[in-house]
Amino acid sequence: MKTFNGTFFNLPPDKSISHRTALIGALSNGITEITNYSAGLDNQTTLSVLQSLGVDIQQESFLTNDGYEQRKVVIKSSGLWSLSRSKRELMCNNSGSTIRMLSGILAAQPFRTTLVGDHSLMKRPMRRVAEPLTQMGASIKLSETGAPPIEIEGKKPLSPIQFYQKIPSAQVKSLVIFAALHADGISEIIEPIQTRNHTELMLGLEPELQPDGSRKIVIEGQKNIEAKPFTVPADPSGACFLVALGLLSGKSDIRLKNVGLNHTRAGYLSLLREAGAKLPTENNRTIGGELLGDIIISNDYITKPLRINDAQIVSDIIDEIPMLAVLSAMATGEFELHHAAELRAKESDRIHALVMNLQRLGFVCEEYKDGFCVTGRTHNPTGTIEITTFYDHRIAMSFAIAGHFSNAEIQLDDNSSIAVSFPNFFSLIDSMQKT
């Protein structure tokens, strides 16, 4: 059995937080310094698009005291409405976060903009982007299928909105917040199922708990945002792959440093503990409103399959589900998931992608509209198994982890998507591996 060992400071910076620090920096009055900004392609796309809109952005690399490379981003802005019209279409590449959240800002600008992406992004649904922004007064045009390109004719100022978020989506919530910052009045967002709350924490928005358990977020429009520094923790979604690596080994000794432990992002740790893992955390502290700490995987493993049948839990672990599904199947032969239809609208139809590739590894799967289950394994194939990644970084990394514990040689049909969020994925695992 392979083992993996070491203390690691160089996990990728949090992808979600990196996007939001850059976007908020572009809306803030003054100089925003972001320490440990992500080098992933999605986050670099956000910077590139903001630069195309006239935002002054400088980026430099430096070595930490531990000898690891980090990036520092400095954004200079004069606040709301400081963007300028781009002379060309804005290329968002594969970044759904960029195209969706930026739409909320562009809806408030007094000019026309067109947002496009790569072949994968151009298939992703965007009607949930258009609906609230249209209600606020912007003109939004999509393709006939409701996908990009997104053509935005902004309105200054936007009208405030009372937005009830029927389908949980942190990106849609954030784009409405960004639009509401420019609105002429007070906007409210009602969130029945909580999604990741990084945007609210950065902007100092404190949700009001309602009698029915939902949360109300109140946004005052046209209020000056003063620039402030941000420090980005290590990405808990990226850490999940290394947690799974250690748990599948059962004999590893791994410490993952400075990982974000925000309760809306690290819910997978609680699930894995319920399945038998220990997974203690140490050195917990709060920086800029975000909880972070070190995750320990030491001679640890799960003893029970994961069964996920709660919409709030699904919202909390939406990005980790591919790795959790593969981990549970490989470790116990079983897995069950419901209330996760949102997975079909990610970089790929992740439900279909997981079922297809798990079946290639001999697992018995049943696919539902909102999830799937694994009910056993008919055989453990040998030889070479090709995994269809659908150019989805989380599918690619999940099955790359499985490859370390499979009788078959697992080959990814494409591993270039991994650079979207975890550029040093393979080199980091190589540095951990002891045979």
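In case you wondered, yes, glycine gets a Cβ from its N, Cα and C as well.
If you look up Swiss-Prot, you'll see ASP319 marked as active site, proton acceptor. Swiss-Prot lists LYS15, GLY96, ARG124, GLN171, ARG350, ARG394 with the feature phosphoenolpyruvate binding site, giving sequence analysis as the kind of evidence. Summarising the annotation, Swiss-Prot assigns 3-phosphoshikimate binding site to LYS15, SER16, ARG20, SER169, GLN171, THR195, ASP319, LYS346.
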Worksheet item: Are any of SER16, ARG20, SER169, THR195, ASP319 (the recorded positions) within 10 Å of GLY96 (phosphoenolpyruvate binding site) when you go C-alpha to C-alpha, and if so which?
Response: none
Worksheet item: Cα of ARG350 (phosphoenolpyruvate binding site) to Cα of ARG20 (3-phosphoshikimate binding site): how many Å, rounded?
Response: 24
Response to the item:
So ARG124 (phosphoenolpyruvate binding site), by the Cβ count within 10 Å over all chains shown, scores 20
Item to complete: Using DSSP reduced to three states, classify SER169 (3-phosphoshikimate binding site) as helix, strand or coil.
Response: coil
Worksheet item: Near THR195 (3-phosphoshikimate binding site), which residues of its own chain have a C-beta under 8 A away, given they sit six or more steps off in sequence?
Response: PRO168, SER169, ALA170, LYS173, THR264, SER315
Discussion item. Give me the CA-CA distance between GLN171 (phosphoenolpyruvate binding site) and SER16 (3-phosphoshikimate binding site), in Å, as a whole number.
Written reply: 9
Response to the item:
Mapped onto three states, the DSSP assignment of the residue listed as 'active site, proton acceptor' reads coil
